[in-house]
Amino acid sequence: MADPSTLTHPDPEGGVRMMDASQKSDSARTAVAAGRVHLGEEAFRRVREHDIEKGDVLTTAQIAGIMGAKQTDKLIPLCHDATINGVEVDFTFNEDEQAIDVRAFTKSFGVTGVEMEALTAVSVASLTIYDMCKSVTKDIRIGDVHLRAKTGGQSGNWKSKSEDTSPAES
């Protein structure tokens, strides 16, 4: 277990608090997150062919992902309200898996990182794909939501060992 004196969120009595970021310097920050929505054969085909009753699945999911990133501090306890300067959400059809790969890129100039915003964008976009396709099948799996890379801040740049793409290249 971590030494309680080194943790940033517990208060002296062991309760929780939001970390004070007021002494940190503004810096450029980016984050890339990814995930996958396994749809199965019919739903995958119908999304590709724009044949879902609710409408354009990927455009709706893209908007939802961007909206999710902007609401992260309202959804995640103790998450700072980051100044988001840009959010991109995009999709790739994964034929082998009959899945849609979801990627989000977030950008900010501020005192806190935007990793949680990128992860939230992927999660909300994925949930939206589920919602729009559930009339075709309920056997939809959302998975592998993870941070691929981040830049900036006190901890510097980081890239997942399982990824070969940096935020600038994503």
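Heads up, the Cβ atoms here are built off N, Cα and C, so glycines get one too.
Copied from Swiss-Prot, the annotated features are:
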REGION    1-25  region 'Disordered'
BINDING   Leu78, Cys79, His80, Met116, Glu117  substrate binding site
ACT_SITE  Asp131  active site
For each of Leu78, Cys79, Met116, count the other CB atoms within 10 A of its CB; which of these binding-site residues has the top count? Met116
Within 10 Å, the Cβ with the most other Cβ atoms among the recorded positions Glu117, Asp131 is that of Glu117
Spatial separation of Asp131 (active site) from Met116 (substrate binding site) - C-alpha basis, Å: 22
List the other residues in this chain whose Cβ sits within 8 Å of the Cβ centroid of the substrate site residues Leu78, Cys79, His80, Met116, Glu117, in sequence order. Thr72, Asp73, Ile76, Asp81, Ala82, Thr112
For Cys79 (substrate binding site), what is the secondary structure by DSSP, using just helix, strand and coil? coil
Spatial separation of the residue listed as 'active site' from Glu117 (substrate binding site) - C-alpha basis, Å: 21
Distance, the residue listed as 'active site' to Leu78 (substrate binding site) (CA atoms, angstrom): 28
Same-chain residues at least 6 apart in sequence with Cβ under 8 Å of the Cβ of His80 (substrate binding site), in sequence order, are Met18, Met19, Ala21, Asp73, Val111, Thr112
